[in-house]
């Protein structure tokens, strides 16, 4: 190593702060540049956690953690490993939303991200190379921030989403933080608030679209694959008009994943499989109502559709299990303004004697009698008592997932769903929910959090050197997550808790890697999936550094 003392102390992948040993300080030219006491990482973590707890708000806590992240990746992840449940909502959803909104005011450090500008496509390769800085990149999370967390278009501010996502990957699954790269594709913004803000740090023009936009995406993917051929490319929070198009183009060519389309769908499918493990029913007997037919809602529907086809149904047979409801009501094949994703799940008016009346959720529930109802509408309180009781009157164990977040946008509260169904509902929410006490039973509420799925999934794909991610591997991951449910316990959650995320992420990674190997989709020869995962796992402990 030929770096200077200053370069080492300012490199978050190398810096240990006061944990550099006396021998390291001498060898690296650090003698006298740090206080004399040599601390252990546990002592540093105790000190850092006390500072974290002293912050007066969750945003202040996030700023503190991000500063620690900028200074010392190993200590940051060591601390997060000890407090993963407490830190998850702070480094990611929901507090990251506050950070995005105030990104211009709070900006201090690019955090090793790559900022690709639509106005300079000729610089894409150099941008990625500079940001990687010689590191062996195995995972790239890229966003154009057009569809942030139900917040909409936030331009270059959305890079915090990519950074936060990668934090969860490392904390949950053990992906080496020096092998990841967050990327912002700055295609402009249609957010007038940002365009009018003199502090805005991104391209100050409306979003580009069409051929110019897709040309930049193509150039980016080509450069990313050339520079990082062993990487997984994770697309995050793209607008719904572009997300599916991009995924469809590349999913059969490279190892890629769209968390909003596939990740949400996978977690919801895993939750449904967990619920069906409890109710002892078959997925082939379910009627599925999707309330909210945007990117997330249709991504969920597509994932369940694939599972029904894996279970032996034809595509047309599987589609008969779905009812998509949006602001227009039930979506029919003659509904105007449908997206390509929505068109795949429309119904025919001839199926209903009262088709013209199916313009709201309650009317559709009465007509269809769904057994599964999934909310991604961001319309608060729309799963009303009368709607839920109508649904519960026609199925013994209604599966109800109000997934919209944050809390103020949720379709219903878990405690209400348990009460309105007399404890029969199998519930998952989009945000953490407290246990519900009802008639002597403690009902644990699963959280439909994508973080339950994508870290283990991604790690398994990387460890197995997967060429692509296909339906069979997606299904294997969903069954693995849904199979963790304790079916013998009254009130059991349909999904495992975030508190155990490191345990089941490891299991998921092993299942995914095995699926890839079984299908001969691995680029490199791998004899043992478990060993491949174990060999790649990074642990947040200091390693010896020498000249």
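The backbone N, Cα and C atoms fix where each Cβ goes, glycine too.
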Select one of 196, 197, 215, 260: the residue that Swiss-Prot places in the Mn(2+) site alongside 236, 237.
260
Enumerate the residues of the same chain, 236, 237, 260 excluded, that satisfy the criterion Cβ within 8 A of the mean position of the Cβ atoms of the recorded Mn(2+) site; list them in sequence order.
143, 147, 148, 161, 235, 238, 243, 258, 259
To the nearest whole angstrom, what is the C-alpha distance linking residue 293 (NAD(+) binding site) and residue 260 (Mn(2+) binding site)?
13
Near residue 236 (Mn(2+) binding site), which recorded positions out of 165, 294, 295, 296, 450 have their CA within 10 Å?
165
Please report the number of other Cβ atoms within 10 Å of the Cβ of residue 450 (substrate binding site).
25
Residue 92 (active site, proton donor): which of the recorded positions 165, 237, 405 have a C-alpha within 10 angstroms of it?
165
Where's the emptiest Cβ shell within 10 Å among the binding-site residues 293, 296?
293
Measure from the Cβ of residue 92 (active site, proton donor) and count the other Cβ atoms within 10 Å, all protein chains considered.
25
